[in-house]
Amino acid sequence: MALRRPMVAGNWKMNGSRQLAEELVKKFGRLKDDSAEVVICPPTVYLESASKLLEQSKQSLDGRLVRLGAQNVSHHEFGAYTGEVSASMLREFGCNYVIVGHSERRRMYGETSDIVANKFATAQKMGLTPILCVGESLAAREARRTFEVIAGELDAVIEKVGTMAFDNAIIAYEPLWAVGTGKSATPEQAQEVHAFIRQRLSEVSPFIGEKIRILYGGSVKPSNAADLFSQPDVDGGLIGGVSLNASEFLALCSIAMNAE
Ligand code: PEP
């Protein structure tokens, strides 16, 4: 992991209130150590106030220590798409990152790999860095189809944008059976899939394969983070539930900062 700067990204999902969002942003904005990159992804309606609060709490001359991400983006650039939010709007409100292809969106909102690939491309075109989520279901794992599923989700994006586009992207491996279940993948299971993803990108570009940050997501908590984050191909985490608890999320950040 030393080759790549670790990242911890918090996905708040549809949780909280204005007050909670402000309390969390204020606490996270106080981070001083920048040896790991910290990103928070609040619900869209809180992005503007989060952006302002992070700006106020910035502690270094070269900008914010904590960056902002969105949880979703339209795959269209603009137009008659009621209820959607565009990548350029997210940029305007201070986002650097956007999560695309989260399993909850694939599963509950019918986002196909094709739509996810288009979201990835539109986000990049408008200056956002996509955090692409991939992951297999329990049934796929039990049928020994994990690599096939991961390769399919990855290849759909590679076919659309090419491997070199991953120069400006993050990948999150999130097995569906671990997201929000309290049952994390073991460090060995995570490492095996992360190595597979890195290898697949390296086949086309060793440079991208070496450089790409691959986060693990799925029931990460302070008690299991050190073992997960110290795996050679695990570059930090995408955190759901625990990102709503300031002290536990900050504990994960410091574990990532100290992971070797
Ligand atoms: C997620 O939603 O991306 C996630 C990893 O959730 P949790 O940490 O709660 O499993």
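Glycine is no exception: its Cβ is also placed from the backbone N, Cα and C atoms.
Going by TrEMBL, these are the annotated features:
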type	residues	note
ACT_SITE	HIS102	active site, electrophile
ACT_SITE	GLU174	active site, proton acceptor
BINDING	ASN11, TRP12, LYS13, GLY180, SER219, GLY240, GLY241	substrate binding site
For GLY180 (substrate binding site), nearby residues of its own chain (Cβ under 8 Å, 6 or more apart in sequence): SER219, GLY240, GLY241
Maximum Cα-Cα separation (Å), residues ASN11, TRP12, LYS13, GLY180, SER219, GLY240, GLY241 listed as binding substrate: 14
Residues near TRP12 (substrate binding site) in space but at least six apart in sequence (CB under 8 A): ALA21, LEU24, ILE40, CYS41, PRO42, PRO43, GLN71, SER243, LEU244
Among LYS13, HIS102 [recorded positions], residue with fewest other Cβ within 10 Å: LYS13
HIS102 (active site, electrophile) and LYS13 (substrate binding site), Cα-Cα, nearest whole angstrom: 10
Cα-to-Cα gap, GLU174 (active site, proton acceptor) vs HIS102 (active site, electrophile), nearest whole Å: 8
Spatial separation of the residue listed as 'active site, electrophile' from ASN11 (substrate binding site) - C-alpha basis, Å: 10
For GLY241 (substrate binding site): DSSP state (helix, strand, coil): helix
Neighbour-count leader, CB within 10 A, binding-site residues: ASN11, SER219: ASN11
Binding-site residues compared (GLY240, GLY241) - the one with the fewest other Cβ atoms within 10 Å: GLY241
Other residues, Cβ within 8 Å of ASN11, TRP12, LYS13, GLY180, SER219, GLY240, GLY241 Cβ centroid (substrate site): VAL179, ILE239, VAL242, SER243, LEU244
Structural state of ASN11 (substrate binding site), classified by DSSP into three states: strand
Surrounding CB atoms that lie within 10 Å of the CB of GLU174 (active site, proton acceptor), all protein chains: 28
